[in-house]
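Novice: Relevant sequence annotations retrieved from Swiss-Prot are reproduced here:
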- 1-23: signal peptide (SIGNAL)
- 24-246: topological domain 'Extracellular' (TOPO_DOM)
- 27-141: domain 'Ig-like V-type' (DOMAIN)
- Cys49-Cys123: disulfide bond (DISULFID)
- 142-228: domain 'Ig-like C1-type' (DOMAIN)
- 247-267: transmembrane segment (TRANSMEM)
- 268-284: topological domain 'Cytoplasmic' (TOPO_DOM)
- 285-305: transmembrane segment (TRANSMEM)
- 306-325: topological domain 'Extracellular' (TOPO_DOM)
- 326-346: transmembrane segment (TRANSMEM)
- 347-364: topological domain 'Cytoplasmic' (TOPO_DOM)
Amino acid sequence: MGSTGLCFYGHCIVMFLLQMVTASSEPFIVNGLEGPVLASLGGNLELSCQLSPPQQAQHMEIRWFRNLYTEPVHLYRDGKDMFGEIISKYVERTELLKDGIGEGKVTLRIFNVTVDDDGSYHCVFKDGDFYEEHITEVKITAINLQVQIHVHPPNTKGVIVECHSGGWFPRPLMQWRDRRGEVIPAASKSHSQGRDKLFNMKISLLISESFFQKVICCLQNPLTGQEERTSVILSDAFFSWNRIWKMILGIILSMMVVSIFVFSCLLHHEHKVCKWKWDAPWIKGLLIMTSSMVTVVLVMVYLHMKQRVPVSDVHFELDTLWVEDISVILCSLMVPATMLVSYTYFRLKDWCQHNHAQRVFTSN
C-alpha cells in the first residue's frame, strides 16, 4: 500500500511538470497596432505588440527588425537587451519597455525619428522553435510652417508669382487658390529632395490680368490633412506696365500709319497721278509699307505667343525682356527702313526709265 501511494504521488508530480512545460510552450499569436502609425519628424515613436492569449514572455526572444531578420532594430534575448546586435543607425535610439512582459506585452520606443524610419516594422516573439510576428506600418510626417511667396517684376506677359516651401514629408499637395477657394491652374510645379529626404516645393503662377486680386498658396500633408497657406494681394498697379506697353505699341503703329499716308501723298504729288491705277507709284509705295507693317506685326505676335521658355525657368524673364526689346526695335526700324527701300526702289526705277528714254532718243 505504501509503494502504491508513492507511485501515485510520483505520477501526479510528473503530470504537473508536463502541464507546466505544455503551458510554457503554449501556441500563441502576436497582436499589434493596426493601420499606419503616424510619427512626427524629430519626435518619439512607440510601437506595441502583445501575445494572445496573454502569457509571460521573459524567457522568449523578442526581435524588432525592418527588412532583414538578421538586422534587428532591437533585440531581447535570455532576459536582457542585446544592444551589441542592433544595426548602427538605431544604436542608442531604441528602448524596449517591458512593464507588461509578464503578460506578453512589450513596447518599442524610437527616439529622434527621421525620414529613414518610415516603413514596416516586424515584431517577432520566439519560444524555442515556435515563433509568430506582427507587422506594423509607420508613416513619418513633416510640415513646414513657413510658406513664402515671391512676386516678380511685371512684364508684357503679366506678373509671375512663385511660392516656395521646404521641409515636407511625404510630398505635399500644392496648389493655387483664389479668394473663393477655387483652384487656379498653375503655370508650373517642381519639387526636389535634399540629403535629409525632405521635399522642397515650388509652384509658379503667371497672371496676365488683374482678375485674381488675391491668390493663396496652399500646401497640404496627404497623411494628416494639415494645411499651411499664405496669400498675396495684387493691386492694379502690377498690371499698369502691360497697359503702358500696349500704349507704346499703339503709338508706334499709329506713327507708322501716318508715315505711310504722308509718304503716299508725297509720291502722289510728285508723279501727278490722279487716277487709281495699280501701277501708280504711290499705290506701290503704299503696298510696300503696308506689307512691311503687317509682316512686323505678325512677327511680334508670334514672338509674344510662342512659349520658348517655361515659366519656371530662370531665363523666363530674360526671354520676355528680349521679346520686348525686339518688338520695340522692329517697330522703330520699320518706318525708316521701309521708306528707304521705297525711296531706293523708285529712284532706281526713274533712273532706269531715264536711261531707257535716252537710248531710244539716241537711236532715233
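Positions of Cβ are set from backbone N, Cα and C atoms, glycine also.
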Novice: For the domain 'Ig-like V-type' (27-141), jot down how many residues DSSP puts in helix, in strand and in coil.
Specialist: 12 helix, 60 strand, 43 coil
Novice: If I restrict to non-local contacts, at least six residues apart, and a C-beta distance under 8 angstroms, what lies near Cys123 (disulfide bond) in its own chain?
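Specialist: Looking at Cβ-Cβ distances below 8 Å from Cys123 (disulfide bond), excluding near sequence neighbours, one finds Val30, Gly32, Leu47, Cys49, Ile62, Arg63, Trp64, Val106, Leu108, Glu133, His134, Ile135, Thr136.
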Novice: Taking 10 A as the limit, how many CB atoms besides its own sit near the CB of Cys49 (disulfide bond)?
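Specialist: The answer is 25.
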Novice: Looking only at the topological domain 'Extracellular' (306-325), what is the model's average confidence as pLDDT?
Specialist: 64
